[in-house]
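**Student:** Below you will find the structure I want to go over with you.
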Amino acid sequence: MKQEPTTYQPEEIEKKIYEICSHRGYFEINGNEKIQEKGKRFCLMMPPPNVTGILHIGHALTLSLQDILVRYKRMDGYKTLYQPGLDHAGIATQNVVEKQLLSQGVKKEDLGREKFIQKVWEWKEKSGGAILEQMKRLGVSTAFSRTRFTMDKGLQRAVKLAFLKWYEKGLIVQDNYMVNWCTKDGALSDIEVEYEERKGALYYIRYYLENQKDYLVVATTRPETLFGDSAIMVNPNDERYKHLVGQQVILPLINRTIPIIADAHVEMGFGTGCVKVTPGHDFNDYEVGKRHHLETIKIFDEKGILNAHCGEFENLERLEARDKVVAALKENALLEKIEEHVHQVGHCYRCHNVVEPYVSKQWFVKPEIAQSSIEKIQQGLARFYPSNWINNYNAWMRELRPWCISRQLFWGHQIPVFTCENNHQFVSLDTPLSCPTCKSEKLEQDKDVLDTWFSSGLWAFSTLGWGQEKSDLFNESDLKDFYPNTTLITGFDILFFWVARMLFCSESLLGELPFKDIYLHALVRDEKGEKMSKSKGNVIDPLEMIEKYGADSLRFTLANLCATGRDIKLSTTHLENNKNFANKLFNAASYLKLKQESFKDKERLNEYQTALGRYAKSRLNLVTKEVRNALDNYRFNDATTLLYRFLWGEFCDWFIEFSKVENEAIDELGSVLKEALKLLHPFMPFISESLYHKLSNTELENAHSIMVMPYPKEIAQDEKLEHEFEVIKDCIVSLRRLKIMLETPPIVLKEASVGLREKIENTERLQNYAQKLAKLEKVSVITYKPLKSVSDVGEFCQTYADLENLDLSPLIARLKKQLEKLEKEKLKLNLHNENFVKNAPKSVLEKARESLKTLLEKEGKIQQELDLLEQP
């Protein structure tokens, strides 16, 4: 016979429970079919992690919160869809496969597009999506049979359809425009650029007038871009330069002339008051160039290599060219000075390459696409949790610029735009055979792919079958049943990358916002509040934490620390504490199991007959009401705190203790714990499942899972009985304090009395519990104060010990010894020494006086006790 473990061993049960529940289809839409209630629908989309990704602590937080909510709704009778999937992650995935090929001496350009994409698919099938398996370790109950991939056949069609619809409405256009350009990864949208503060330099360059005697000094952080200058600009009201407007200056190093122009854009008090205008390589200058009809000159190619506009510097890499340009300026006496300068430098979010403003012909989504979604958010048709995030959303949407959606990659959704030999351009959902305008069969598809966020922006409805032919991955009724989705849970860091785009993509195509509630959680940091990084050595690996503490402890900890709007400071101490919590529950169930073989499910308060059973169930019902309210309002931390306080602070610390007096209540306490485990299940699915079956004397292999049982709903309370037990608890605690105060060997307190501030119905019950749990032979309930007694004051009572028949001399001797010790400690402070007081540093004196204050307080309390004990 297998020996029962003495402590909770998560590794022995987690995999087994997960596999059984998954195999039975509990995670699927109809997994809870027997308890589904008509008209109740719940849908939550998993933010699709990158196919290259592995589970990190941020994923663990998002997935834990999502799964808690999904399990709650599933148990509460909702037809539930928790939609899983993976993102093709264009740049990231291409980089992974590219590196693998380079290690074999193969470049992607040598393979060509089709063969390279074939290699990516091979990699995806072999190594991609490891994160989905890792999610299972966390207990994530998502509908894995419906897993979608943003490059699967159906979603490719949905992407093309969205592009076609927006193209036909004029919301997608192709144009030459200033974009963020990574010389490695190509065009980036504004929010794919990360800005870092860098120490750089400000170069003051001389631009000579045509007379070659006078010059203007212009400051720049990017001297290599001077070859693209189209003008020098001054403020029209600047008296220093008014007379020069309209004249020409000579461009340093290459002797091309450019005009001096006037524009109110220039701040007269900044720098020299003169600025260079480089329309081809600066966002502001690009707009200035359009206003003044200046030439836009590109000085480097897509790889950042300087071109013929740069004279002798042609073929140098842009950043490498900087030092050589500066050296040439010095050599030709064209450099006035160099100053240290701290400024923000944009980097590619993926490869951290320095990003350049660059004019390029790209595809864009116009900002007008978002207008309707913005208006609906203002009308309150979707709510943000915490509510302050709507301010961030509004601020960003007000400044929305055209979204650059074309990317210079092989891997991704190839833009479905075709051009024939006669330059007719059209969009097609399928591969066309001929041009619809001129019937030419010589067609070429646009080589660029769409921004990864284009396809993930459709996630809320494309996964439900929108724009696709029939598939086993969705049902025909899914859009009707699950769109709009109910809730979105994700990190605030992708509010603009993903959430805002889903809002306007969904509203634009389906006429409704994609979800009703948007919960944005904070970031997980280390215990000091610092960002986790490998270089700091403070990264907490969720898989390692699951190995060490169990999935339940990690889930419960993350939910408990997820206070609304605050960053999460995670430490292994938190995980250890919640592993101990799991073990406490294990011990409570084991204790009950020793007393009785199995326990029934009792959902209603009126089924409980013993006073302790009714009290415990009444308290559970209050917690049920509060936990439901917390979950309905996304207060995950409040829900975990309520459960922890009830299960440890009440059930384990009090109800179990009370049962040692009222043994007949054991049966009903087992039923209360079973109901409480259902309440706990969404947070700690494994231990709740295991202990439920332990108390039922069943095995999951042959019984229904707790996860498809109804979530507790009963909220009826017996408030009178609850109050009576609160009074009893208060009396016991007070009596225990009294014993600690008085009991010094050989003194043993055998009798005490209790004075109540208000009457309770059953004083006999109070006396019975108090005698047993405070370990006294007799407890009397009185309405007067004994003449010679010491007392302790509680919230609902005052307890007394009669001193008449006690030999108090050992206690008096102990207290006097404590007074002597305190007197010596006071002398050590030296505050009686005038020289010390006169010469000691202020901080030392303050510390000594604070210590004296503490000692005097202790002395006063002890003296008060002595006076009481020595009274005649």
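In case you wondered, yes, glycine gets a Cβ from its N, Cα and C as well.
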**Student:** For which of the residue intervals 49-59, 423-433, 632-642 does Swiss-Prot record motif ''HIGH' region'?
**Tutor:** 49-59
**Student:** Check each of the ranges 21-25, 156-160, 531-535, 791-795 against Swiss-Prot and return the one annotated as motif ''KMSKS' region'.
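**Tutor:** The range carrying the motif ''KMSKS' region' annotation in Swiss-Prot is 531-535.
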**Student:** Give the nonlocal contacts of the motif ''HIGH' region' (49-59) in its own chain as ranges (CB under 8 Å, at least six residues past its ends).
**Tutor:** 86-89, 92-93, 96, 124, 128-131, 134-135, 137-138, 149, 491, 523-524, 532, 539-543, 570
**Student:** Would you mind splitting the motif ''HIGH' region' (49-59) into helix, strand and coil residue counts from DSSP?
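**Tutor:** Computed counts for the motif ''HIGH' region' (49-59) are 3 helix, 1 strand, 7 coil.
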**Student:** Work out, from DSSP, the number of helix, strand and coil residues along the motif ''KMSKS' region' (531-535).
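**Tutor:** Residue counts for the motif ''KMSKS' region' (531-535) by secondary structure: 0 helix, 0 strand, 5 coil.
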